[in-house]
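Visitor: If you scroll down you'll find the structure; I have some questions about it.
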Amino acid sequence: MLEEKSPQRTSIAQLGEFGLIDHLTKHFEINQSSTLKGIGDDAAVLDFKDKKTVVSTDLLIEGVHFDLAYMPLKHLGYKAVVANVSDICAMNATPTQITVSIAVSNRFPLEALEELFAGITLASKHYKVDVIGGDTTSSQKGLIISITALGEANAEDIVYRSGAAANDLLVVTGDIGAAYMGLQVLEREKQVFQVNPNNQPDLDNYTYLIERQLKPEARKDIKELLEKLEVKPTSMIDISDGLSSEIMHLCKQSNVGCTIYEEKLPLDPQLISVCEEFNIDSTTVAINGGEDYELLFTIALEDFDKIKANPNLTVIGHMVKESEGKHLVTRANQKIELKARGWNALAE
Ligand code: ADP
Ligand code: MG
């Protein structure tokens, strides 16, 4: 977990807009050779030479995408960067720059924004992305964060959602479902706290799950790993909304179906035991829970030998002809139709 600073409250109105921007952004360094001009002019200037540029944007609204009751601001800043970096990684590109735009109500003191930017700074250093600009304005209620990430790739290395073919293997990195269960644990603790604020939560049995929810990491390492293994995915997506809905995206855009196997889903032991405690089916969590920021990709069948020994990569099934549909084969060998039940902000 990330360390929190002591509470002190300085009004942001005192600094004024330019003072605030300067205070929050003055320490950002430029490290990418493609950044010719970062913060400080009307626009940043970039030069990607003979590489292609990939761009992705996310918008995060307090109360819709995050709850500050259990999401510390430093973690929120970190995670907001991770979500965007993950999208760039899912194109098999290298993240290089971000812009950060925020709208804040005056209920946030300067110290709160410092925490948010401490998380953004930590993530930008970790993923080696330059913060090259953004916008800072006020909101009447709550906090809004929008991050845009840029990345670079050789044209021939870029991987789209649309390249999967029947018989390709479906591969997932790391393990899945833990971020969702981390959120369930935090929500339960929030309710306990509301009933009795003196109750000190004992979260020792949940550290991995909570870490996955509050401080996820983007799989920037996978591009390099696959290059070493000499495997180029045929299609790829990151798991932000949940495995089943991401599989649906690959199937739809590639015009294929799929069969995945319950027994192959990579689950952390802590996830399994906490699902038992909460009386929730761990397969449902693995399939529908979001925010793991792992990568889901397909490879040609003949590349199986190159990846099979790698502990980071798990084959969970394969693609089939579109007419054969999308299915999950259970441990009891039942074939059930796969449905997209991922997290949907518009359905709230
Ligand atoms: P403008 O008036 O052109 O919008 P601003 O005064 O808003 O310029 O911003 C000044 C500089 O600070 C610009 O380079 C802008 O990209 C940068 N900036 C503003 N807000 C942020 C932020 N929240 N994070 C990073 N950079 C920012
Ligand atoms: Mg501005």
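Here, residue 1 is simply the first one shown, and the rest follow in order.
A Cβ is built for glycine as well, from the same backbone N, Cα and C atoms used for every other residue.
The Mg(2+) 3 binding site annotation in TrEMBL covers Asp42, Asp87, Asp238. Annotated Mg(2+) 4 binding site per TrEMBL: Asp42, Ser56, Asp87, in sequence order. Sequence annotations record features per position, and here TrEMBL assigns Mg(2+) 1 binding site to Thr57, Asp58, Asp135. The annotation Mg(2+) 2 binding site is assigned in TrEMBL to Asp58, Asp87. Look at TrEMBL and you will find His65, Glu291, Trp343 tagged as substrate binding site. According to TrEMBL, the feature ATP binding site maps to Gly134, Asp135, Arg161, Ser240. Here TrEMBL flags Asp241 as Mg(2+) 5 binding site. Taken from TrEMBL, the feature domain 'PurM-like N-terminal' applies to 40-152. Look at TrEMBL and you will find 167-324 tagged as domain 'PurM-like C-terminal'.
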Visitor: Quick check for the class: what is the C-alpha distance, in angstrom and rounded, between Thr57 (Mg(2+) 1 binding site) and Asp87 (Mg(2+) 3 binding site)?
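Guide: Between the alpha carbons of Thr57 (Mg(2+) 1 binding site) and Asp87 (Mg(2+) 3 binding site) there are 9 Å.
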Visitor: Ser56 (Mg(2+) 4 binding site): which of the binding-site residues Asp42, Asp87, Arg161, Ser240 have a C-alpha within 10 angstroms of it?
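Guide: Cα within 10 Å of Ser56 (Mg(2+) 4 binding site): Asp87.
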Visitor: Cβ under 6 Å from an atom of ligand 1: which of these binding-site residues qualify? The list is Ser56, Thr57, His65, Gly134, Asp135, Glu291.
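Guide: Those binding-site residues that pass the cut-off, since their Cβ is under 6 Å from ligand 1, are Gly134, Asp135.
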Visitor: Looking only at C-alpha atoms, tell me how far Asp135 (Mg(2+) 1 binding site) is from Asp238 (Mg(2+) 3 binding site), rounded to the nearest Å.
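Guide: Pair distance, Cα basis, whole Å: 27 Å.
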Visitor: If we check Cα distances from Gly134 (ATP binding site), which of the binding-site residues Asp58, His65, Asp87, Asp238, Glu291 wins as closest?
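Guide: Ranked by Cα distance from Gly134 (ATP binding site), first place goes to Asp58.
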Visitor: Please list, in sequence order, every residue of the chain apart from Thr57, Asp58, Asp135 whose Cβ lies within 8 Å of the Cβ centroid of the Mg(2+) 1 site.
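Guide: My list of surrounding residues reads Leu59, Thr99, Val100, Ser101, Ile145, Ser146, Ile147, Thr148.
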Visitor: Counting other CB atoms within 10 A of each CB, which of the binding-site residues Asp42, Asp58, Asp87, Asp135 comes out lowest?
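Guide: Result for the binding-site residues Asp42, Asp58, Asp87, Asp135: minimum number of other Cβ atoms within 10 Å at Asp42.
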Visitor: For ligand 2, which among the binding-site residues Thr57, Asp135, Ser240 have a CB under 6 Å from it?
Guide: Asp135
Visitor: Ten-angstrom check, please: count other Cβ atoms within 10 Å of the Cβ of His65 (substrate binding site), all chains counted.
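Guide: Excluding its own Cβ, His65 (substrate binding site) sees 20 Cβ atoms within 10 Å.
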Visitor: With DSSP helix as H/G/I and strand as E/B, how many residues of the domain 'PurM-like N-terminal' (40-152) fall in helix, strand and coil?
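Guide: Secondary-structure composition of the domain 'PurM-like N-terminal' (40-152): 34 helix, 45 strand, 34 coil.
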Visitor: Determine, to the nearest whole angstrom, how far the Cα atom of Arg161 (ATP binding site) is from the Cα atom of Asp87 (Mg(2+) 3 binding site).
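Guide: For Arg161 (ATP binding site) versus Asp87 (Mg(2+) 3 binding site), the Cα atoms are 12 Å apart.
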Visitor: What's the CA to CA span in angstrom from His65 (substrate binding site) over to Asp58 (Mg(2+) 1 binding site)?
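Guide: One finds 11 Å between the Cα atoms of these residues.
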Visitor: So how far apart do the ATP binders Gly134, Asp135, Arg161, Ser240 get, largest Cα to Cα in Å?
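Guide: Binding-site diameter by Cα atoms for ATP: 31 Å.
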Visitor: Would you kindly give the Cα-Cα distance separating Asp87 (Mg(2+) 3 binding site) and Asp58 (Mg(2+) 1 binding site), rounded to the nearest Å?
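Guide: Roughly 10 Å, rounded to the nearest whole number.
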